[in-house]
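All remarks here apply to the structure that follows.
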Amino acid sequence: MMKIAIIGGTGVYDPQILNNIRDQEIATPYGVVRFKSGEYAGKEVAFLPRHGSNHSIPPHLINYRANIWAMKKVGVQNIIATTAVGSLNLAMKPGDFVLIDQFLDFIKNRTTTFYEGGERGVAHLDVTTPYCPSVRSLLAEIASRLGIALHQQGTYVCTEGPRFETPAEIKMFAKLGGDVVGMTNVPEVILAREAEICYATVSMVTNFAAGISPQPLTHQEVVEAMAANSENIKKLILSAIESLEPETDCACKHALAEYGGFKL
Ligand code: HPA
C-alpha cells in the first residue's frame, strides 16, 4: 500500500480525518517518534503533528531528524506538510494558502543533515528544487478545482524562533525576496530531500508579519486564523491523498544518487 505522511503544523493536530487509526512508535538513531497511522482512499497515511498533539514542542526543539527518519523507516514516499506563516507580501493575505517553492535559511542552532561525517560520510545535497514539483502541481490543481485561494509560488523565510521577528528583520527579509516567514520548514524540507522523500508544504498565512501588521503579534491570532481555515486545509490534503499516484518516479527519489542513495 502506498504510504503518505501529513506533517501538521500549528492548528493541524486532528488525525480523525483518517480511518482505522492506530498509534505507532518508531525508534530512530535520534530518539523515538510517536505518531498516528490510518487509512484514507486505500492509502496508508501517517499523521505527525510537528509540535506534538497539544502544541508542546517549540520550533527550535522539534526533533526534525527523528521525525523524517521515522517516516522513511515506515516507507513513506510522499509528505504533505502544513505551516502557519506570517506574510511579508501584501498580495499574500491572512487566510491565503501559499505553495512555497523556495526557502531562505535563517536558522541558527539546528542540524540540517543526516550526514555528519564519520561512517555516514559527507553529502552535499542539491536543493535547486527543494519542494517536490509533482506534489506541488497536484496541490495547485486541486486547490483551483475546490475554489481555494492559493498562491502557486512563494519564498519561505525560516527563522529560529520561538520569538516573532522585529520589524527591521521583516524589512530585511522582504528586501531579500522573502514572501512568508515561519519557524519550522528548515530543516524539515532539507531532511526530507536527503531521505529521498517527495515533500511539499502548504503554508497558510495567519497574519501580516511584524511591522506590516499594525498590532503586536500573538500566538492566539495564529491559532484562530488556522482554525478558521481548517476545513479548507483538510479538503485540500485529503483530495491530494486521493489523487497521489502510487509508485510514480520523481527526481526527489534520487536526490542522493551521487552518494549511492539514502540509507537508513
Ligand atoms: N512569524 C514567524 N512565524 C509565524 C508567523 C510570523 O509572523 N505567523 C505564523 N507563524
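Just so you know, glycine gets a Cβ as well, placed from its N, Cα and C.
Among the features that TrEMBL reports, phosphate binding site is placed at THR10, ARG50, HIS51, THR83, ALA84, THR184. Every protein chain considered, the tally of other Cβ atoms within 10 Å of the Cβ of ALA84 (phosphate binding site) stands at 23.
ALA209 (substrate binding site) counts 25 other C-beta atoms within 10 Å of its own C-beta, drawing on all protein chains shown. Per TrEMBL, substrate binding site is recorded for MET183, ASN207, PHE208, ALA209.
Taken from TrEMBL, the feature domain 'Nucleoside phosphorylase' covers 3-242.
According to TrEMBL, the feature site 'Important for substrate specificity' maps to GLU165 (among others). Its Cβ taken as reference, GLU165 (site 'Important for substrate specificity') is surrounded by 22 other Cβ atoms within 10 Å in the chains shown.
Non-local neighbourhood of HIS219 (site 'Important for substrate specificity'): empty, since no residue in the same chain at least six residues away has a C-beta under 8 Å from its C-beta. The annotation site 'Important for substrate specificity' is assigned in TrEMBL to HIS219 (among others).
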- Query: What does DSSP say about THR10 (phosphate binding site): helix, strand or coil?
  - Reply: coil
- Could you tell me the mean pLDDT over the domain 'Nucleoside phosphorylase' (3-242), as a whole number? 94
- In this structure, which of the binding-site residues THR10, THR184 has the fewest other Cβ atoms within 10 Å of its Cβ? THR10
- Taking THR83 (phosphate binding site) as the reference, which of GLU165, MET183, ASN207, PHE208, ALA209 (the recorded positions) have a CA within 10 A of its CA? MET183
